Amino acid sequence: MGGAVVDEGPTGIKAPDGGWGWAVLFGCFIITGFSYAFPKAVSVFFKELMHEFGIGYSDTAWISSILLAMLYGTGPLCSVCVNRFGCRPVMLVGGLFASLGMVAASFCRSIIQIYLTTGVITGLGLALNFQPSLIMLNRYFNKRRPIANGLAAAGSPVFLCALSPLGQLLQDHYGWRGGFLILGGLLLNCCVCAALMRPLVSPQASGGSGAQAPQRPSKHLLDLSVFRDRGFLIYAVAASIMVLGLFVPPVFVVSYAKDLGVPDTKAAFLLTILGFIDIFARPTAGFITGLKKVRPYSVYLFSFAMFFNGFTDLTGSTATDYGGLVVFCIFFGISYGMVGALQFEVLMAIVGTQKFSSAIGLVLLLEAVAVLIGPPSGGKLLDATKVYKYVFILAGAEVLTSSLVLLLGNFFCIKKKPEVTQPEEVASEEEKLHKPPVGVRVDSREVEHFLKEQPEKNGEVVHTPETSV
């Protein structure tokens, strides 16, 4: 496995922005879809699990919570594994873990065993696939990276729209045990995606035996130096606050509609509307961010996306009928898609390629705490007030706060880094130093007479203030 560190690639390799990168993008699309949609799609089996084990809804809800906690909380572990072994081996092991967890869950006899198999093992497997796939996407794309991130992020709503009906179909025909077994087989496709993550190789290294590849700098298993980057600190704080409220509205919007007297089928259709809008919002946001005039301001565009999302939550709290909730889901899908497409693109732009593998792991760990706090806090507020309006106001206030933290932090705390002097600029400066002053005429005969009077002593030219710069 030690040889797999080649996956990191020597420094100085230019991102191809295409070629095999499109295969990497396809793999990242599938991995992102499984990682984000699977915890929500498993909820289709909750009622049958409640009947099987004689438990309540809160007990089954822990399955999705543990899945998300593993996806976010194991970020540093994934960073260490990637920096040690490379992306492809880690993803192959992750695909096996994800599949093994669901297959083992189909034989479970208690809800605790479901927690360990579906929650912990499958969650860890998805985490070991998700983070390395983003790292590989970052290596293969530079100029086209915003649109690549947008297309990869679109896997989440696409798979959510596909996996939920598929899960219901599997449950109706094979029960929850057969459904888990088949889903476990589907998760083996993560191993296929891992095989697509071909390491970048230096052209010099593959050219011949005489060529020497550039030396790779020594890497820490987890680079904590990112905490000295003020841009990273501001991003991490803002992202953690954002996650507190970002996932709350999709969790409660269906119940909100039912509380207004909307039939169950129409209420569930709200999530379909949200997901459909999200599918197109993410690639569009990536395309806009990739424009030459827009890309330097991607951090501020991300801040606007968070502000838009928080403002949508606040206005959605005033909805009094089904039509109002449909409008809310349309605008929430747009803003939610923008956030999903930009969050990792902005992090890549802040920390760079070399530190991204460590930075994303640390950010996901911080967000894991917020993921566990956010939806339960909204549920407790709902239990105390019995009013969905306050839940949406709380979520909107949290996301709005995160947008202000990112905006003000970057505007006031991040100074523009001094530009690195290019070799051409250095050469031009030297030419200016050797160039005679403008307006001063030099007589060639005087120069020749001066040089003849300066003999060489012991083979060395005697320098005078006039001949030395």
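Any Cβ shown, glycine's included, is placed from N, Cα and C.
The shown structure was predicted, so the numbers you read here are calculated from the model rather than taken from an experiment.
These come from TrEMBL:
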{"type": "DOMAIN", "residues": "21-421", "note": "domain 'Major facilitator superfamily (MFS) profile'"}
{"type": "TRANSMEM", "residues": "20-42", "note": "transmembrane segment"}
{"type": "TRANSMEM", "residues": "62-82", "note": "transmembrane segment"}
{"type": "TRANSMEM", "residues": "89-107", "note": "transmembrane segment"}
{"type": "TRANSMEM", "residues": "113-135", "note": "transmembrane segment"}
{"type": "TRANSMEM", "residues": "147-166", "note": "transmembrane segment"}
{"type": "TRANSMEM", "residues": "178-197", "note": "transmembrane segment"}
{"type": "TRANSMEM", "residues": "232-255", "note": "transmembrane segment"}
{"type": "TRANSMEM", "residues": "267-285", "note": "transmembrane segment"}
{"type": "TRANSMEM", "residues": "297-316", "note": "transmembrane segment"}
{"type": "TRANSMEM", "residues": "322-344", "note": "transmembrane segment"}
{"type": "TRANSMEM", "residues": "356-375", "note": "transmembrane segment"}
{"type": "TRANSMEM", "residues": "387-408", "note": "transmembrane segment"}
Does the transmembrane segment (178-197) come near the transmembrane segment (89-107), with 3+ Cβ pairs under 8 Å (pairs 6 or more apart)? yes
Is the transmembrane segment (147-166) close to the transmembrane segment (356-375), in the sense of at least 3 CB pairs under 8 angstroms with a sequence gap of 6 or more? no
Count, for each of 62-82, 89-107, 147-166, 297-316, 387-408, the Cβ pairs lying under 8 Å from the transmembrane segment (232-255), and report the range with the highest count. 387-408
Whether the transmembrane segment (113-135) meets the transmembrane segment (62-82): three or more C-beta pairs under 8 angstroms: yes
Which sequence-distant residues neighbour the transmembrane segment (267-285)? Criterion: at least 6 residues beyond either end, Cβ under 8 Å. 147, 150-151, 153-154, 156-158, 160-161, 250, 253-255, 257-258, 305, 325-326, 329-330, 332-338, 340-342
Ranked by Cβ pairs within a distance under 8 Å of the transmembrane segment (322-344), the first of 62-82, 89-107, 147-166, 297-316 is 297-316
Of the stretches 62-82, 89-107, 147-166, 297-316, 387-408, which racks up the most C-beta pairs under 8 Å with the transmembrane segment (20-42)? 147-166
Between the stretches 89-107, 147-166, 297-316, which wins on the count of C-beta pairs under 8 angstroms to the transmembrane segment (62-82)? 89-107
